[in-house]
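Undergrad: Pasting a structure below so you can have a look.
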Amino acid sequence: MWIYEKMLEYPVKIKNPNPKMAKIIITQYGGPDGELGAALRYLSQRFSMITPQAIGTLNDIGTEELAHLEMVGAMVRQLLKGASLEEIEKAGMSAYYADHDRGVYPASASGVPFSAAGIQSKGDPIVDLTENLAAEQKARATYEYLINMADDPDVIEPLKFLREREVVHFQRFGEALRIVQDYLQEPHLFIMPKPDFLNK
Amino acid sequence: MKNENERFDLLKRLTAARFMVEDLHLYLDTHPNDREAIAKFNSYLMQTKKLRESYEKSYGMLTAHDSFSQYPWQWINEPWPWDYEANFELNRGEN
């Protein structure tokens, strides 16, 4: 089960609306390398994971991704809330506006609605953890591209925080993968001395 | 309601302590035998609990499963965490 804490993991306080940034930051909400996909990927994979460390890591990083989803949603909302129609039109956001006004809808930067086709849950611990290492790197790269496009420190600071978390998650998944590999290599037999009659 | 600065100061300290709990939590998942990290985790958790308690005394419920409510039901009070008004400014000079 889950419980909700009525605070963000890291503050989002954006003074100036900017639909141009909202249009691309939305990709970390509902895009192929976004937080929704990340949460769904880890929280689905955990059911078939092995070793307590790797199971806990999937469960808990999956949960943190939900807090990141909330932060990204807060960013998109604050960037859109006070934007004028003219600004929205100039930012090339008319199509989004027609479908969602200034609401937050899970889609990629190019407008493709969220799809689980971009994530995998393979039932194989090595496959899943290896996928997750790549996923964290893809998300890190996305945050870097977003930071490259941003010039408002109110926007850059939370993006930097989220980027940093991808780096930490990558590290934790690397450790989990090593733990699972070591576990799979251990002989799971109770060794006993061979009785003499078997040596004859 | 006490003044905004005091609320934000408390929220900032709570956010920082809460983050340490989160980060140590993930670390401990793959390092369950790190005694020193467990001690740190426990200490930041203690700080978080105290800060949460004093925040809630003045500014309302942070959870709906572990916080008491006055009359009327306090949980639905605005702002919500995603609102501009709910968040504190970062002191960028400090970083």
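Count begins at 1; order follows the chain as displayed.
Placement of Cβ uses the backbone N, Cα and C atoms for every residue, glycine included.
For reference, TrEMBL lists these features for the protein:
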- A:E35, A:E65, A:H68, A:E136, A:H169: Mn(2+) binding site (BINDING)
- A:D60: Ca(2+) binding site (BINDING)
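In terms of burial and nearby residues, how do these features look in this structure?
TA: Over all protein chains present, the Cβ of A:H68 (Mn(2+) binding site) has 26 other Cβ atoms lying within 10 Å.
Of all Cβ atoms in the shown protein chains, 18 besides its own fall within 10 Å of the Cβ of A:D60 (Ca(2+) binding site). DSSP assigns A:D60 (Ca(2+) binding site) to a helix in the three-state reduction.
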Undergrad: Same chain, not part of A:E35, A:E65, A:H68, A:E136, A:H169: whose C-beta falls within 8 angstroms of the C-beta centre of the Mn(2+) site? Give them in sequence order.
TA: A:A38, A:A39, A:I61, A:E64, A:A139, A:L162, A:R165, A:E166
Undergrad: Filter the binding-site residues A:E35, A:E65, A:H68, A:E136 down to the ones with a Cβ under 8 Å from chain B's Cβ atoms, keeping sequence order.
TA: none
Undergrad: State the Cα to Cα distance, in Å, between A:E136 (Mn(2+) binding site) and A:D60 (Ca(2+) binding site), rounded to an integer.
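TA: Spelling it out, the Cα of A:E136 (Mn(2+) binding site) and the Cα of A:D60 (Ca(2+) binding site) are 15 Å apart.
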Undergrad: Here's one to test understanding: among the binding-site residues A:E35, A:H68, A:H169, whose C-alpha is closest in space to the C-alpha of A:D60 (Ca(2+) binding site)?
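TA: Answer for the nearest of the binding-site residues: A:H169.
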